[in-house]
């Protein structure tokens with residue numbers, strides 16, 4: 001007996017199969033390399049590619065579409081150009097460049113793409129973010145009101161920095177710009193601030209030295225180092241600051257505080273100029289392309305102090321600019337000065353005369369940091385800037401005048417001691433309470449009878465003396481953050497007691 005065919009059952013199975021059928025066709029738009037030179041490839045055939053879209057070469061190297069022309073696309077190569085020749089096929093990836101973010105990066109040295117370069121194994125990250133993010137709007141921000149202590153007396157007293165500020169460090173080569181930045185990172189220990197140090201166009205040996213110093217002082221426990229060395233393609237040097245900024249924004253957006261240092265944006269502008277000229281973009285002043293201002297403004301505007309509704313996190317930026325022979329009126333320095341909230345100007349003349357950090361107090365300014373400065377340091381350093389300016393004027397006058405009146409001589413002597421107080425050896429940031437004590441001693445005349453050569457010894461021994469005999473002074477300054485009459489009297493008593501025991505020899 002022949003089996004009866006169940007027509008209804010078969011037709012329902014066929015219908016179900018048709019309904020569940022998925023046609024997986026992966027359509028890829030590809031093009032060919034027309035020519036390649038200096039890390040930039042000209043690609044024909046990618047008709048629908050978008051600006052800043054990622055592309056991939058047949059050998060797996062990624063690229064970034066920067067120039068969209070009528071018949072070709074200018075692609076900067078994010079890696080080695082070996083193996084990329086005329087005729088190499090390129091495919092669109094349909095996405096923008098992203099980098100890993102999060103706590104997994106802390107303590108690591110990565111390149112501009114967030115890949116580890118410190119031989120400590122892969123990074124187990126759980127989140128990535130776009131390298132190019134839009135800066136927060138006005139309503140998402142809050143005015144800068146919390147201090148970010150650098151540990152340097154000259155900065156914390158005269159050019160204070162607040163969390164969420166952009167403060168430029170500017171000066172000639174070999175004037176201690178990186179040292180100021182590294183000191184600031186070291187001083188964030190225990191302050192719950194994540195630091196990101198972005199090295200752009202630096203020698204690998206220089207970056208290794210910085211990392212070694214940070215490890216030596218235990219600062220790598222809260223620091224990420226992003227390095228795009230001098231030997232790396234201009235495209236990676238161009239991307240490094242944006243990648244570092246994205247990593248910092250992750251902490252800011254999660255109600256935490258971050259500090260980012262761009263060392264330095266002069267080399268960043270040079271890398272962008274190199275890329276732009278190879279892409280045949282029209283050059284402008286000093287051969288930089290027309291959008292070089294936007295290059296830095298869109299980066300530095302991302303630093304901010306967020307409103308309470310968004311978690312009150314902050315990202316503070318300390319960009320570094322290298323000048324030529326102290327010329328701050330060049331194109332890139334003036335651009336960055338106009339973008340930032342103030343600048344710390346380092347002078348080679350001061351550096352060579354032994355005043356280190358070599359900060360020119362007259363030219364350095366902080367436009368918003370004053371509202372973030374704690375009351376105690378504001379009180380003791382209130383007239384310090386004016387006193388130093390008058391001292392410099394008198395000093396210039398004293399070179400020509402042989403006899404000075406008593407008040408001028410006193411002013412000169414006091415000024416000399418204040419300059420000596422503001423000197424600080426590298427990699428030894430001071431807690432703010434120690435800074436307040438020594439500036440109080442100098443500005444109130446307690447050091448007038450101490451020889452200038454003995455000021456350093458006096459300062460070091462004073463901290464130990466107060467710690468041992470008057471520990472409540474440091475504690476009161478730390479907790480109250482202001483100097484009231486009783487604390488002022490107690491501090492004056494401590495200074496007088498110490499002077500009785502202090503020996504110059």
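Think of each number as a place in line: the chain as shown, counted from 1.
Cβ coordinates come from backbone N, Cα and C, glycine included.
According to Swiss-Prot, the ATP binding site annotation covers 171, 172, 173, 174, 175, 176, 177, 178. Counting only same-chain residues at least 6 apart in sequence, those with a Cβ under 8 Å from the Cβ of residue 174 (ATP binding site) are 348, 351. Under the three-state DSSP scheme, residue 174 (ATP binding site) falls in the coil class.
The site 'Required for activity' feature in Swiss-Prot is assigned to 364. With a 10 A radius on its CB, residue 364 (site 'Required for activity') counts 22 other CB atoms from all the protein chains.
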For ATP, what surrounds 171, 172, 173, 174, 175, 176, 177, 178 with a Cβ no more than 8 Å from their Cβ centroid? 322, 346, 348, 351, 358
Students should find that the Cα atoms of residue 172 (ATP binding site) and residue 364 (site 'Required for activity') sit apart, in Å rounded to an integer, by 15
Using a 10 Å cut-off on Cβ-Cβ distances across all protein chains shown, tell me which of the binding-site residues (173, 177) has the largest neighbour count. 177
Min neighbour Cβ count (10 Å) across binding-site residues 175, 178 flags 178
Chain-internal residues near residue 171 (ATP binding site), provided their CB is under 8 angstroms and they sit 6+ positions away: 177, 322, 323, 326, 345, 346, 347, 348, 358
Expressed in Å to no decimal places, the gap between the Cα atoms of residue 364 (site 'Required for activity') and residue 173 (ATP binding site) is 17
